[in-house]
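What Swiss-Prot records for Met1 is N-acetylmethionine, and it gives similarity to another entry as the kind of evidence. Feature annotation from Swiss-Prot assigns N6,N6-dimethyllysine to Lys3. For Ser271, Ser274, the entry in Swiss-Prot reads phosphoserine, with the evidence type similarity to another entry. Taken from Swiss-Prot, the feature topological domain 'Cytoplasmic' applies to 1-36, 96-116, 180-192, 262-278. The topological domain 'Extracellular' feature in Swiss-Prot is assigned to 58-74, 138-158, 214-240. Swiss-Prot lists 37-57, 75-95, 117-137, 159-179, 193-213, 241-261 with the feature transmembrane segment.
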Amino acid sequence: MSKEVSEEGRHGKDYVDPPPAPLLDMAELKLWSFYRAIIAEFIATLLFLYVTVATVIGHKNQTGPCGGVGLLGIAWAFGGMIFVLVYCTAGISGGHINPAVTFGLFLARKVSLPRAVAYMVAQCLGAICGVGLVKAFMMTPYKRLGGGANTVADGYSTGTALGAEIIGTFVLVYTVFSATDPKRSARDSHVPVLAPLPIGFAVFMVHLATIPITGTGINPARSFGAAVIYNNEKAWDDHWIFWVGPFVGALAAAAYHQYILRAAAIKALASFRSNPTN
């Protein structure tokens, strides 16, 4: 690995790693772009929850054996909306739409602490509003069919559900890091759709695997918004899983990408050795 670092230094790079975000960047609180990004995260999460939870309720409301979109259609709704919304908001807020993604990027020093906290609050509020619209438009089936809330399915243990959420979120956040890696972005800059596409597809694939277990959280805002509006005891009993699992998965993905794939620790050591006066 150290050989790779030394060779990279000799031959130069065709990309530039952005500097790490400061932990407390209070200056950005004075910028309109900061608040514009928060609004973008709020609206994007609202739209995400409205479309996806409405799809879930609409499917469950069908009575025929061939009615509704099925598990595959639900997975496409979640993955497709992430693809669309990341494409629309990436240039404004980064297109997080998920506190676990924001947490992972914060750990990797991609965003500051104030921005991370503001994003998470906006995402949770947007999720509540999005599910609130679903309840307002589909009141009767919403109450009868579970409100799109995440719960542990019958036959699965809490540990299994937690593990599924950790692995599912790891897949998502790892894909986010890989799709937005500076090296990849520089070499694929002529195809701007490449970052949102694998992220949306990762969400789609994880839903296929995890819907039978937990309904698929991998997004604490999605789970929180549905739990708040549905306000059912079972949803709240299981709710901690949909925060702990995604945050642990995001932590693991950030560590794997930054310290194993990108060898951040080795590069920092090499930089220190080449500049001993720093």
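Cβ coordinates are placed from backbone N, Cα and C, and glycine is handled just like the others.
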For the topological domain 'Extracellular' (138-158), residues assigned helix / strand / coil by DSSP: 7 helix, 0 strand, 14 coil
Leading stretch by Cβ pairs under 8 Å, where the reference is the transmembrane segment (159-179) and the options are 37-57, 75-95, 117-137, 193-213, 241-261: 241-261
Highest-contact recorded stretch vs the transmembrane segment (117-137), from 37-57, 193-213, 241-261, CB pairs under 8 Å: 37-57
Per-state residue totals over the topological domain 'Extracellular' (214-240) - DSSP helix, strand, coil: 17 helix, 0 strand, 10 coil
Surrounding residues of the transmembrane segment (193-213) on its own chain - C-beta under 8 Å, 6+ positions past either end: 71-72, 74-76, 78-84, 86-87, 90, 95, 152-153, 156, 160-161, 164-165, 168, 171-172, 175-176, 178-180, 184-185
